[in-house]
Each structure stands twice: as C-alpha cells, then as structure tokens.
Amino acid sequence: MKVIVFAYHEIGYIGLSCLIKLGFKVLSVITHIDDHASEKIFFSSVKKKSLKHKIPVFYPKNINNLKWIDYLSKLKPDIIFSFYYRKILSEDILKIPKLGSFNLHGSLLPKYRGCSPLNWVLINGEKTTGVTLHRMTKKIDHGSILSQYSIKIEEKDTSKSLYKKLCYASMYILNKTLPMILKNKINEIDCTDDFSSYFHKRYPKDGLIDWNQSANNIYNLIRALTKPWPGAFSYLFDKKIIIWKSKISFESYKTPGTILNFNPLIISCKKKSLEILSAQYTECNILNKRNIENISRIKGKKLIIKNIKSFKNLKKILILGVNGFIGYHITNLLLKYNNYKIYGIDIKNNLVKSFIGNEKFCFIKGDIKQYYNWVKKKIKKCDIILPLIAIARPMQYIKNPLKVFKIDFEENLKIIRYCVKYKKRIIFPSTSEVYGMCKDDYFDEENSNLVTGAIKNQRWIYSSSKQLLDRIIWAYGVKNNLNFTIFRPFNWIGPGLDDFKIAEKQNARVTTQIIFNLINGLPVTIVNNGNQKRCFTDIDDGIEALFEIIKNKNNKCNKKIINIGNPHNEYTIMQLTKIIINIIYSNNRNYNFPKFSGFNMLSGTNYYGEGYQDIDRRKPNIDIAKKLLNWTPKTKIRITLRKIINFFINNNTS
C-alpha cells in the first residue's frame, strides 16, 4: 500500500517507523526542519529516519500551495498519514489519496481538539487522556475514529512523563490498527460533538504564573510546562524565575505571590501555597533553598514574586462595568497576558473579587456618577476605553425606559466625548438589537437597514439608544478622527450572564430564567409560543473576538463595525428550552431535581407589559469578523448550555 507521510517529533518518528516495519511503501515524507535555535530538540529526527531508508523527504514552508499539491497528486498515494505534523493540510491535499487521509491526535477525541492537548490536559487537571487515530476532514479533528487508546494521568505526571506514555500508546495503537488498514479493513465510528472541547495553540509567554490562582492550578501549570518545554515563570527583582517543579503546601494564606519561607522555599497562592523544588533564576539553577538565598540576597525580607517586570510598557485599558458579564470575562483573559494593565469600575464586585490584589488590576467599587473625576483621569491616562455600563434586560426596557436611556445613552455619551477630547481609542459595545425588525436573511454591518417599531412600544428604547450612539461615534470618527471600533454581540451566553437573585424576580435573560425555573421546579414561561429565533454565541468565542479587536493587528479594526455572533447556533426559544430540559434531566440522577412543571404560555404583553414588541429573528453576517479578526465561532449550543448549567448547579445548589 502506497502512502505519503506528514510527520514530526517523537510520535512522528514512531509513526514513520511503524509504517516501514509493517511493509507500507512510503512514497515521500513531509516534515519540519530540526531547528535547534528555536526549540529544544529532545526527540528523534524524522528527517534522518527518512534519509536512512532512502525516502524522499521535504520540509516546505507552505505545503498547501499548488506546486506541492501537484507533486503529491502525481505520487498517487492510497493513503496520507499525519503524525504530529504542525501545519493544517488543505482540503485539496486531503482528497488526493484513494482511501483517505488519517491523523494521530494526542487526546481522546472529541475532547481536546486543536493544539497542545498534552499540555492542556495537565493544566486542566484531567485524570485521563489518550491517543486517537482518525480520518482527516476539512473540520479539524472532526473525522470518524478508527482507534483510540486511553491513558491514566497520575498526580505526579509531568509533560515529559506523560509524553512518554503517549509515545507508547501511539506505538500500541499503530501496531494494532495499521495491519488492518494494510488489509484494507478500515472500521470507523463517528466522532460526535458530545462532550467535545477545543483548545488553542500555546506559546512560551502563556507560561506566566498568576499567583491569584489556587496552588493546585499553579502546580498543574508548572508540571504541564516543565522541561523540555519552556516552563512556567514569574519575576523576582525584575528578572525571570522559571519554576520547573513544585508541590502543594498547606502554609497559611497571605497576599498571593508572597514568599512565606526560604527553607523550604514556599510561595503563597490564592488558596494554599506552593513549595518550590526546582527553579531557574536568570542563568542559575535553584535546586535547594540555600541557593536561592545566596542568589537573590533576600534572606529575612518580605517580598512578592511579581507577575510582570514593570507597568511602563503595558497597554492600559479602562473597563467601565468591569464586574458585568462581558467585563469579567474579558478581564479574566487580559490578566493572563503580560501586556495589559486594567482599570475597572463597577457598582458590584462579586465576579472580579478574585482579581483584586493582582498588580495589573486596579478596581473602584462605585457608581461612575460619583467617581467622574476618577473616570475622567483614567480616560486621559489609558490607551483603550471599553464602556460596558448598560441595562441590557428586556424587562427593564418596558418598566424603566427612562433609566435605560439615562444609563445606556447619556452616561455613555459623556464617555464618548471624553474619548474625543483626549484622542483615545474607544471600543464600543453596540447590540444586535439595533437591527430591530430588519428583513434581511443575514444582518450586515454595512448594508442592512435598522428597523424599529412605533414610539408607544417602549422596548425599542434600548435599541434606539445604542443605535444613536453608534451614529454619534461614527460622526466623531469622520469629523474629529475619533479612533473607534464598534462591536455588535449576538446573544452571547455563558456562565455569569445573570445571577439567580435576578431570576428569582423573574427578571433574568432567557437562558438563566429557564435554568432557574427548571432547577427550582417552577413552570417555564414561554413568551409568544417561543417561535422567536436567536443565534446564540458562547461567551468564550465572543471574548476571543473582542480580544482580537483589542489587539487590533495592523490597525485593521480602526473605524469598523463588527458583528460577533454564531449564525450556526440558530434556535427558537422553544428549541433552546427543550435542549436545556434534556441536559438537566439527563443529569437528574446526580442532583435529584424537581419534576418538570410544564410550560406557562404567555403573550409578550402579559409577560413584559404594555409597550413590548417581539423580534422574530436576528442572524449575523460575520464576514467582516472573519476577515479582520481571523475569527470564527467554534462552540456548539449544547456545550455552552452544559457549562452554564454546571455553573449554576455548583454555585446555587447544595
């Protein structure tokens, strides 16, 4: 059987070796250059193995161009195999072989699709992982499964020890499955999306330790990134300290990052503490506690291990409404990077409590009307202004329209004018509601009409306030050269959207309200038969897009309006409700929820009050987001709903 092999790293070497041993005819090998300058080479060379067996071997920069597609096509392979090759193969390449293309992935698919599953499973504290041989399709790691092998993750496993286990598992699965493929006996099962997850590529900078995490979380990060990977790190006296090995200690809690003891070296975390067993400070290896005292000359001093060198070069971001749904999630992401200093204000702090004490987070609890001098100074000081203060619950549009106008329009207009005055970049959260009753199949930022209802229908106060602010920002951009990006979220949902205190008053947004009623044995209220269609977007997908707007690579987002939504997650409210019911009661044996109490069917007027008008559907065109942000939403509705339900179960039930 004739095959082409894409391979790299130790598992790539194992895959190629197994094919040669079993008698496959390897026509060509595509690999990467063994670059000692850019990474530590601790694995066997696929290139050398190929040359030893006189197999043509190449390492192209762009395997998907026409030259290489033509070369591979002329070889006429029966199968393409990919073993830890680092580039995505185009559909044109995948369809070349007669029997298909197969990939060996380092996780138990559909869990941990994407990059760096070895590191991610350790970071997330998983107990099992494995390897999967699967068919390659246009969608990454979605093809049908030929074979899987499960591996137990021990508490003391590190990236190195787990990688060895993955190598043995790869050898086992290939020796078991390849002979069947050689006989053209390929048995496959579907790779469903149930319990699927996707993780992005990790970079050395992602190893920055956040001491506001628990000791357990930091321990997992350290063992996931230890040698031969670049390591988890922090800063001591403005010099990097890389921590290679640790164990959890039970010292009393102090400010996270405080060195509690030198012999042994113990550093406090948000919960418990870490004893450092091995570390590297500048060019010196720290293998004992006396060594660190001599290196840093800090014996007897109280000091903090810092997350960053200095704040001078950090991009400063002011987030108004930082404790809200979007504010919390974007802050959580930004603080994981070494590039941002966050200034935030909100009337509550329940979500951002865990950030307080972080040197990169400055928080004021209060109303912006009472702290306007502070807000004004921070607008003048910061690089980016993100005004997230708004009332965004439909019940309030009807009951308190003037309050909605006061907060959503008047307060935000002041912020916009300060941004004009001080020449600051503003990233403004518009809303999908500005499209109103638009009849387009897909709502387009540049061409769709914005259609609202009669004046007596007060539910449009929110949409109209946001639309007018969009127009004002645009005008300031034209006349005063205001640097802005407007983003329009389409039904972002996830943990923390609303809390149960709001749901107790039957005043929460639809997802939270449905879950609350079901968990508490209350009838689920369905408005206008639940035929309204919405496109639901996972908060992590939305935040990923917002993060790209903040980074603004090559200034692509300047003076742009960008829809951020998931057009593939379109469901009626009734369909959404039935999915939630299915998820909740499939877990009922674990939580003993009350029996389903049925539906309470109401008209919009009876539920919200006079002045309500429904919107049948809103579906985004996300071509601009794809182009400018290189972003597409990935998360399916069931995965998002499971996260929300688990969040509420863990935080609101005994």
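Counting begins at 1 with the first residue displayed.
Backbone N, Cα and C define each Cβ position, glycine as well.
Here the structure is a predicted model, which means the values were calculated and not measured.
Record note: Swiss-Prot gives Ala392, Tyr397, Thr431, Ser432, Asn491, Gln532, Lys533, Arg534, Tyr612 as UDP-alpha-D-glucuronate-binding, and the candidate from Arg202, Arg223, Arg459, Arg642 in that site is Arg459. When Asp346, Asp408 are compared with the NAD(+) site residues Asp367, Ile368 in Swiss-Prot, the one appearing in that site is Asp346. Annotated pair Asp141 ((6R)-10-formyltetrahydrofolate binding site) and Glu433 (active site, proton acceptor), C-alpha to C-alpha distance, rounded: 35 Å. Note: the Cα of Gln532 (UDP-alpha-D-glucuronate binding site) and the Cα of Arg618 (active site, proton donor) are spaced 9 Å from each other. Same-chain residues with CB within 8 A of the center of the Thr137, Lys138, Lys139, Ile140, Asp141 CB atoms, the (6R)-10-formyltetrahydrofolate site residues themselves not counted, are Met136, His142, Gly143. Arg459 (UDP-alpha-D-glucuronate binding site) sits 43 Å from Lys138 ((6R)-10-formyltetrahydrofolate binding site), counting Cα to Cα.
For Thr137 ((6R)-10-formyltetrahydrofolate binding site), the same-chain residues that are 6 or more apart in sequence and have a Cβ closer than 8 Å to its Cβ are Leu94, Gly143. Looking just at the region 'Dehydrogenase ArnADH' (313-654), the mean pLDDT is 93. A simple way to gauge crowding: the CB of Arg459 (UDP-alpha-D-glucuronate binding site) has 24 other CB atoms within 10 angstroms, across all the protein chains here. Put simply, Ile140 ((6R)-10-formyltetrahydrofolate binding site) is 10 Å from Asn103 (site 'Transition state stabilizer') when counted between their Cα atoms. Of the candidate recorded positions, Ile140, Glu433, Arg618, the one lying closest to Ala392 (UDP-alpha-D-glucuronate binding site) when CA atoms are compared is Glu433.
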